[in-house]
């Protein structure tokens, strides 16, 4: 099968399970998403782009932004970042608070909320504008100037952000946030509220498939650092389901509660699948099914 | 560089850090190991075998056996095993007990002690002889009939086995052990006490590089199951350092407190490095350094 | 009201709520108890004994025995026992395992199962016969020679004792059990399986009301130690409901899943209430209600 | 011995251990306290007041204020408060966060920080001025109009209040704070920063010794509620050392990191001891020693 046939097949497989997912409902902007929406795009390292379904329909990237925040913080500031955030799986949700306490305010990895608050704080210190850095990078890699923060979503996140405020204050009590808590939270809510589509994200993830090279051929990260981000994505990128995602899909990937999942195939390309309906741990049911089918049928797996 | 040059280089890199490791000392049989020992072997899917250092010196495989117990239990009994053991990282050591309680006696994954007690119990039910099944498999794959349980080590493990007995009784209280606790423990201590060398283990791990095919070409596991074991190895195979191992080495791997680490390169081969000195979390300092160097210099990484 | 009127009133109050309790069902011997049974006895420091309902019907004392094991271990061995067991509330059930791990095998207090295994181990070392020491003490204080271990209950406890075996092995791994795990468990299951009635227990608890003096006037414990056991009973005697028991009843007390609760009024006497139906945390619904009513109406409260 | 002799004796006992304590140092206002200061006052239910040492030297009451916040919230709002805060010991410090998560934002008891934030929020809703209500009450009961919030201490607390902000936001995420987080924190920091002396606090605690009656004879709380607050004080009033405090002192009591401890003897009176040097869990070394000696020598113990 060629890429288009593979994508169509994956869409058909996903279609059967869309009804099992439920869109995130903690903020109105996400709750009103249509659970029947499904899109998927693939971008190869040599420039091919393929898509199926609603692959050009913008959605809220949510936690997928954490991948870009990490990469940009490492690119601007180097590996000293790893003194402030770990790279081990967090085990389970409530564990994260115990762990923050027993490990002196150092979050387990950059893809749980606490860790992304630290990388956001670092990127803010390094660039003066964490959210702007993320938006600029996404626009440049995808070639889509329309990518932007949705202010209504960001405001809504802030209005429901007591949990993240608790995490931020807790880390601040250990001295692991360097900027004022309110500023860090504002940038965090903003970059989670970026709107983009499957094509945009597949293109923007290309630097991890190209071993650190940006779309224009310039180097963002060393080959070694790109490899390492992929490793952290595989072990920690999908919250409490990282093991299950590795087992079923077998790729480094990052999911968001907007329903998007961006997966990387080192040396080959990047795939982004999206559907708003989530499973119990917050991963898109349709995107998971599509990616699982895709890697089972293609040779796009790392294992 | 060819394989022999790569191995020699990795040995040189490892040599510099051997002094930082300390052999396990909870039982005499391990405590008397020579921390300066180092060996490494590589077996490709097309039959080449290369080695360096003490690659033919037998050592205690310890937790590396958990990989074979899982594979054999899946091969004999199928995927219903996953109802009794999860495949998510455990987060951190003390978490495992809380987690066993809150998840009703189902261990997080087959590579923590609790999980390996469950897979041992399953293999015991399926074959009537869990330790025998492991030994037979290792002998067949490696062609080395001298591989055997070291009875002195097994006795010593049993004599210091209160922690594992606690875990076993705890799971039995949830009905997640089907054989008598004492029998399960005996088989568990036995297969951990198998003695083998780097060459043996690199050959025995070949089925995971060959997508499920044994050394004689017969199928042990489906391609999909082999891929999935590799995924679980990568996310959970090196205890609390799975994230760090993925970050530094970037391969599915299983470590043991005897100092051995067996790593898999899907489609390419398997590598076993060994040195008795351990770091704080129980992984061999020399083996980690050698494997990290090897994957940095070769193209043998999954990322 | 005189004591008999107070007891009758408390029985009437208890009668209204008996239907809300459910007898323990983890072993058959307890499951077949009649949830409508209720008894209550009061023994004053000056020798008066009063009773109501089924106060002379023997029942399984279960965890109430932990009070006597602690007192005897302190009487025989002195306060060095507190190096092996703490005297702080345990917070909540699953916490006990985390706590055992983080506090190196030292249980939080002598009234959780782990703590009572340690005091049983200590009493076994000190007397050579922990269960015998408990039975002898109960017989002597109550004057009832028929008090004995029910072998059927003890066997049933042992057959369902994986949890306690797990705790015992776990503490043994820290060196905090000095006798073989199996022996400690046998004595523990035995003294939990003692059969006695409300009158027996009220009399046997008298030494804590008499500031350390036994029924025959001899001294078991110093005034200070008796006061201190009462303090530990109040803060830790009723598992996860110690706070609620203190709030509602306001007395030092020890409950058991057989449905008995023995409460102490320092300087005044001891009260034992019993009814087999338990609430969600394992305390007798009827006994709690009766004791709460009794202390509200009498001046028998410490607060 | 009469009261004055008892107090002098307790002061002498305390004097020997003052050097073992260290004043709280998280804010400058507390760090500069003189560790050799010691004061103790006793107020009986029939109006006698006795004191020794620096009993008229004002200090920062800190967590002792939590007792008054609870009493006033119950007095104004009734027992529905117990739906928002529990009355069980919290076990250990880090447990409180896990527990907040697993018990849906309901703190274990009103004397841990999380619980006192809830009672402060309740008192704020009920009176419109939580800190004012506390100050007014303390002035009225002690007859000392100089009792007031120290604004420098309050500002300092706020500047180091990330932990409490984290707890407040976390509970707000469960809907268990009804006023804006910033307002609740401001009132909380204010009432913790009240300055009073040993005499003031011993007099202000009298309502709990008088079974609910205020100094002027009017009723603040029912006899039953007063008894119950004493019970909660005994099981939860001294953080992670509640068991140890009950064991050594045997009285309901509340400590603060300013070095004060207020203890209640139901029906008899209240005692306040103070010395700035703290032990590892935050209780005053000198005040603990003095209270332990006092209850050992007097008959002022509940056990």
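Quick reminder: no glycine exception, Cβ is built from N, Cα and C everywhere.
Automated prediction, rather than curation, is the source of TrEMBL annotations.
Fair warning: this is a prediction, and the values are worked out from it, not measured in the lab.
If you look up TrEMBL, you'll see D:63, D:113, D:157, D:164, D:188, D:239, D:257 marked as substrate binding site. The DSSP secondary structure for residue D:113 (substrate binding site) is helix.
A simple Cβ count within 10 Å picks out one of the binding-site residues D:188, D:239 as the most packed, and that one is D:188. Taking the binding-site residues D:63, D:113, D:164 in turn, the residue surrounded by the fewest other Cβ atoms inside 10 Å of its Cβ turns out to be D:113. There are 23 other CB atoms within 10 A of the CB of residue D:257 (substrate binding site), with all protein chains counted. Residue D:257 (substrate binding site) falls outside any helix or strand according to DSSP and counts as coil.
Other C-beta atoms found within 10 angstroms of the C-beta of residue D:157 (substrate binding site) number 24, with every protein chain shown included.
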